[in-house]
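Here is the structure we will look at, set down as structure tokens.
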Ligand code: MF3
Ligand code: CO
Ligand code: CO
């Protein structure tokens, strides 16, 4: 539980009490308020700002790995939230989703037909499920945002291909982010690849500029949106690329909780996300963790 007993689809579960963050860890300005202050800065970051986003991004990436090691049949998504929460705070960072527009948990856990923003609860993972873990860390005044889809035990070829091809779609979107192009080249690259396999390409949830603000207002489409989303990609820009692909439709429904987004046809869906900085030579991924934290 909880699953719909007829089809095995997910249904809302019970959300555990709010987890504690030590007073010494600085919070983003929006915590305890209904919404963030409107962001008025631009999307070009200095080298020093980029290194702070990289530090936050490393913590978020390492937290996802720590959560991933605990993913197996029988564990709840609330238990995974506890692992991610404790990892982030033990590295002196704040889990950016906790208290963001009232979101109650320290990560998003999106299982099977959940496209994004699933809230950790008493859902028990089963063999063959897929689950996306999305963690954002806030450290030294900057956010780093990343997500990864894991397979629970073993699953079918169709589903494991969806997962690996969604990762490849993200990487193609990232590699397209060259200075001088328009941001819609990112979505065009993702969609062109996804369409080879007839996957649904989610349009209404996008990548975003990030830095001192969790979401800066810059939008990065994951589909071919031209002539819209024509912002020029510039050296120093920092934003996320986070495509969501489905085995069916790109249309979605939202649960009454105001967060959980599912495919309208309940088809399975996968997502991957990195935060990137644009350099003269192309994109640099800021949310990597190769065994070293400061
Ligand atoms: N990390 C998500 C993103 O990629 C945002 C989650 S907001 C939340 O943009 F409130 F749902 F957690
Ligand atoms: Co994001
Ligand atoms: Co994210």
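Each position is counted from 1, following the chain as shown.
Any Cβ shown, glycine's included, is placed from N, Cα and C.
The shown structure was predicted, so the numbers you read here are calculated from the model rather than taken from an experiment.
Counted within 10 Å of its Cβ, the other Cβ atoms near residue 117 (substrate binding site) come to 20, all protein chains included. Per TrEMBL, substrate binding site is recorded for 117, 215.
For 134, 145, 273, the entry in TrEMBL reads divalent metal cation 1 binding site. Counting every protein chain shown, the number of other Cβ atoms lying within 10 Å of the Cβ of residue 134 (divalent metal cation 1 binding site) is 24. Residue 134 (divalent metal cation 1 binding site) carries a strand DSSP state (E or B).
Mapped onto three states, the DSSP output places residue 273 (divalent metal cation 1 binding site) in strand. The Cβ of residue 273 (divalent metal cation 1 binding site) has 24 neighbouring Cβ atoms from other residues within 10 Å, across all protein chains displayed. Positions annotated as divalent metal cation 2 binding site by TrEMBL: 145, 208, 242, 273.
Per-residue pLDDT, averaged across the domain 'Peptidase M24' (52-280), gives 98. According to TrEMBL, the domain 'Peptidase M24' annotation covers 52-280.
For residue 273 (divalent metal cation 1 binding site) paired with residue 242 (divalent metal cation 2 binding site), the C-alpha to C-alpha distance reads 4 Å. Neighbour counts of Cβ atoms within 10 Å were compared across the binding-site residues 145, 242; the minimum falls on 242. Checking the binding-site residues 117, 145, 208, 215, 273 against ligand 3 with a 6 Å cutoff on the Cβ atom leaves 145, 273, in sequence order. By the rule that a residue counts when its Cβ sits under 6 Å from some atom of ligand 2, the binding-site residues 117, 134, 145, 215, 242 yield 145, 242.
Secondary structure from DSSP puts residue 208 (divalent metal cation 2 binding site) in a beta strand.
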